[in-house]
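Enquirer: Attaching a single structure in structure tokens format; questions to follow.
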Amino acid sequence: MKNLVIFAFLFLSITTVINGGITSKFVRQALPSIEMSLDTFPSPGGYNTPEQVHLTQGDHDGRGMIVSWVTPLNLAGSNVVTYWIATNGSDVKPAKKRAHASTKSYRFYDYSSGFLHHATIKGLEYDTKYIYEVGTDKSVRQFSFTTPPKIGPDVPYTFGIIGDLGQTYASNETLYHYMSNPKGQAVLFAGDLSYADDHPNHDQRKWDTWGRFMEPCAAYQPFIFAAGNHEIDFVPNIGEPHAFKPYTHRYPNAYKASQSTSPLWYSVRRASAHIIVLSSYSAYGKYTPQYIWLEQELKNVNREETPWLIVIVHSPWYNSNNYHYMEGESMRVMFESWLVNSKVDLVLSGHVHAYERSERISNIKYNITNGLSSPVKDPNAPIYITIGDGGNIEGIANSFVDPQPSYSAYREASFGHAVLEIMNRTHAQYTWHRNQDNEPVAADSIMLHNRHFFPVEEIVSSNIRA
């Protein structure tokens, strides 16, 4: 009994519980988010050596992979990826195949990019490790990836969740903290990648350094990206009037496979998850292309095959931080009822440089006569995760609204990442890991219950540590 009292005292001393929610009193040490210098991740040595190698899903169902890389010169053979099934020490000689990349480059103000190669590999076997090589002659570089299991309702799969990463020393902690978890198989990235636009004239060299920084992870497992505000790069005053130019040149996706008309909104299916990516910074009003696409996309979801329905959108619809408070409100008003009616499990956002998890709530009952304008608990609603805590140069958003709203279940002003471990059609373990802890430590965790197959209330476990 004495130990129980001591535990309760310690727990309450480092948390604040308001209206059922928890505000962690853990605040990241008040140090600036110092950006790594341009030479922290130099180009690899050798002649025309590929760099900034990264992966994303290359089709709708996980049998395709887009392999991307950059070379200084566009020489013969530099646009080819060679790949084969890993034989794990077997004497059987693997059958090697080749895929040719589309190659492009771009100019931005006074910057000229290298040659950006994007090769789509199709017809891969499910749940199989592949070796792949890019480059020619003595500049060949070798990597590997593993395809997801075949689509199915009880297929286990583990996603990392990262947002607003940037390229500071804190960003480095976040990425390598995630990489130390051997379970991670693919990353859901909630927008704001390089933060090149935080530098004079949107210094495009920062896109190159970010690509090199990410390569140890992104060359081995695919990233499913949403675009954030730091990807807009709309600067007409320096002659750059085309939004998302660097982002779309460097980070393509298979948007046409989901009948989208834009790479800024699309969907993929992976294992037992159906993932929908939306754009906070593209038109979404009635009858716009994104609106029309999402309306049809939600009808296309087959929960019998992919029970876990996840939406990624950069600007959060529910956020109790003073930073960017209610910026996502107009998009929420437009689409929230669709997500509730479709029983979306999880909505992932960034933008706010802190961590927050909501209750299952909705605010869709309002009409001009009833005045119902506050969020209420709703078992059909998604849980909203704000994961803009990757570590970028702009630092932590440590000013939460007080008192904590009832819709906010847990919030904390520190850097970190999350992991979603799907177990089967009914259960998935969600954990959030702050950078200051060892990887196995989960500062916030919840066993999610699938809204389609097991729509019962979840039990929360938050382990708050000073």
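Just so you know, the numbers here start at 1 and follow the chain as drawn.
Placement of Cβ uses the backbone N, Cα and C atoms for every residue, glycine included.
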Enquirer: In Swiss-Prot, H351, V352, H353 are given as binding substrate, so which of N201, N229, N237, N253 is in that site too?
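Expert: As annotated by Swiss-Prot, H351, V352, H353 share the substrate site with N229, chosen from N201, N229, N237, N253.
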Enquirer: Have a look through D164, D208, D378 and flag the one Swiss-Prot assigns to the Fe cation site that D192, Y195, H353 belong to.
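Expert: Looking at D164, D208, D378, the one Swiss-Prot places in the Fe cation site next to D192, Y195, H353 is D164.
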Enquirer: Which residue of H249, H274, H314 does Swiss-Prot report at the same Zn(2+) site as D192, N229, H351?
Expert: H314
Enquirer: Given the recorded positions N88, D164, D192, Y195, N424, which lie close to H351 (Zn(2+) binding site), meaning Cα to Cα within 10 A?
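Expert: Cα within 10 Å of H351 (Zn(2+) binding site): D164, D192.
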Enquirer: May I ask for the distance between N229 (Zn(2+) binding site) and D164 (Fe cation binding site), taken between their Cα atoms and rounded to an integer number of Å?
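Expert: D164 (Fe cation binding site) has its Cα 10 Å from the Cα of N229 (Zn(2+) binding site).
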Enquirer: Below 8 Å Cβ to Cβ and six or more residues apart, same chain only. Which residues does that give for D164 (Fe cation binding site)?
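Expert: In sequence order, the residues whose Cβ lies under 8 Å from that of D164 (Fe cation binding site) (at least 6 apart) are A190, G191, D192, G228, H230, G350, H351, H353, I387, G388, D389, G390, G391, N392.
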Enquirer: Tell me the coarse DSSP state (helix, strand, coil) of N229 (Zn(2+) binding site).
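Expert: Note: N229 (Zn(2+) binding site) is helical by DSSP.
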Enquirer: Between N424 (N-linked glycosylation site) and N172 (N-linked glycosylation site), how far is it from one CA atom to the other, in Å?
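Expert: Roughly 32 Å, rounded to the nearest whole number.
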Enquirer: For the recorded positions listed here (N88, N172, N229, N424), which one has the lowest count of neighbouring CB atoms within 10 Å of its own CB?
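Expert: Relative to the other recorded positions in N88, N172, N229, N424, N88 has the fewest Cβ atoms within 10 Å.
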